[in-house]
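Undergrad: Handing you a structure now.
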Amino acid sequence: MSTALLAVVAVILCILFRVLNVNSQPQRPSIWCSDKNFLDIVLKISPLLQEPYIPTRLWGFSGHMQTILHSIIGRVRCPWPIGERVYLTLQDGTTLTYDVYQPLDNSYEDEITVAICPGIGNTSESVYIRTFVHWAQCHGYRCAVLNHVGALRSVPVTSPRIFSYGNTSDFSEMISNLLDKYHNTKIVCVGFSLGGNLVTKYMGETDRDRPSHIIGAISVCQGYCAIEGTKWLLNWQNFRRFYLYIMTENMKSIILRHRHVLLTEEMKNRHKLNEHEIISAATLPELDDAYTRRVHNFNTITELYSWSSSVNYLNNIDTPMVFINAKDDPIVPEPLLEPIKSFASKRNDTLYLEVAHGGHLGFYEGGLIYPNPVTWLDRTLVALVGGLVLKHNISSKKTAQAF
């Protein structure tokens, strides 16, 4: 082998090692929590938070690999939970669906429903949702998964709207309908990515009545501020512009798939929509300027993003919450995490977990090349739900004793 060829191979290997970040070591999650009592309760049920998270050795230390494999391949040996799809017709004519999955273990005393809000354009059929649902079912929890309006190909759009970044009404409708079916259940809300933003906003909206059945909430891998997040996604650093392109095309495909309802002549005239501008939009801000802000009656995308961002609702949350992010998330850079660190550092009943690795919703663990079928995130979320249930039971007992 020639010296030149050896040099080329060496350079390629160096690049691979750098991209895969194989020199990194497993680390314990960092925890921000000013409420020692709340932290002690959570750790009692979730001792794994004090243990190192061990990603898949060869590629799991790369946030890009975790993110890409999660979005393209999903989970390994993923079960397909059997559920029941519920159809709701809302006042505006929208057909809203969610799927209910009953617990596989009925030996637990508490009746708990985990209300799940998936990421952008995702549904109960998304692979990462299915694995978490199955793991939660095995631990005695009922799960209800919101299907974002317009995301399911099998469910037609029946009114001129789809889901949006800040519209929590669909999630609220699911919660209300769940309580009509299961009067005595306690609810823990769990949101992933965009769903984490929606759950957090829902928990902090002052103009919304939330039932007392909700005993806690968990947000995973959200970006908190759409205005600041968009600025980061618009640059090429860490390939963020590439991820933005993928998200833009996914949103655009959903809109165009339902163009016969969303882009009728009446809708175009009412909201001044230009179909050519929508089709040619190259980034989410361009698409939101051409479509989203107009159908939601905002004058600018800044107004739309401010209304949508959960960071503007944090101070109104009065229910225990846990937030989780990965430092190597290529879609949510570290500067976007400062507000939640600050919030958790001074707020009771609030905990923020920051994991060194995991990417965006990846969190694969174990093995050299082939990861474990259950991810660190699946295990952690089920444990955290248990911690929130224990927190509620202890608080309820103290209240009862006071009277």
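Each residue, glycine too, has its Cβ placed from N, Cα and C.
Dumping what TrEMBL says about this protein:
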ACT_SITE  SER193  active site, charge relay system
ACT_SITE  ASP329  active site, charge relay system
ACT_SITE  HIS360  active site, charge relay system
DOMAIN    114-366  domain 'AB hydrolase-1'
SIGNAL    1-24  signal peptide
Undergrad: Taking only the Cα atoms, work out how far HIS360 (active site, charge relay system) lies from SER193 (active site, charge relay system), in Å, as a whole number.
TA: 8
Undergrad: How long is the line from the C-alpha of ASP329 (active site, charge relay system) to the C-alpha of SER193 (active site, charge relay system), rounded to the nearest angstrom?
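TA: So the alpha carbons of ASP329 (active site, charge relay system) and SER193 (active site, charge relay system) sit roughly 11 Å from each other.
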Undergrad: Indicate the candidate from SER193, HIS360 with the smallest number of other Cβ atoms within 10 Å of its Cβ, considering only these active-site residues.
TA: SER193
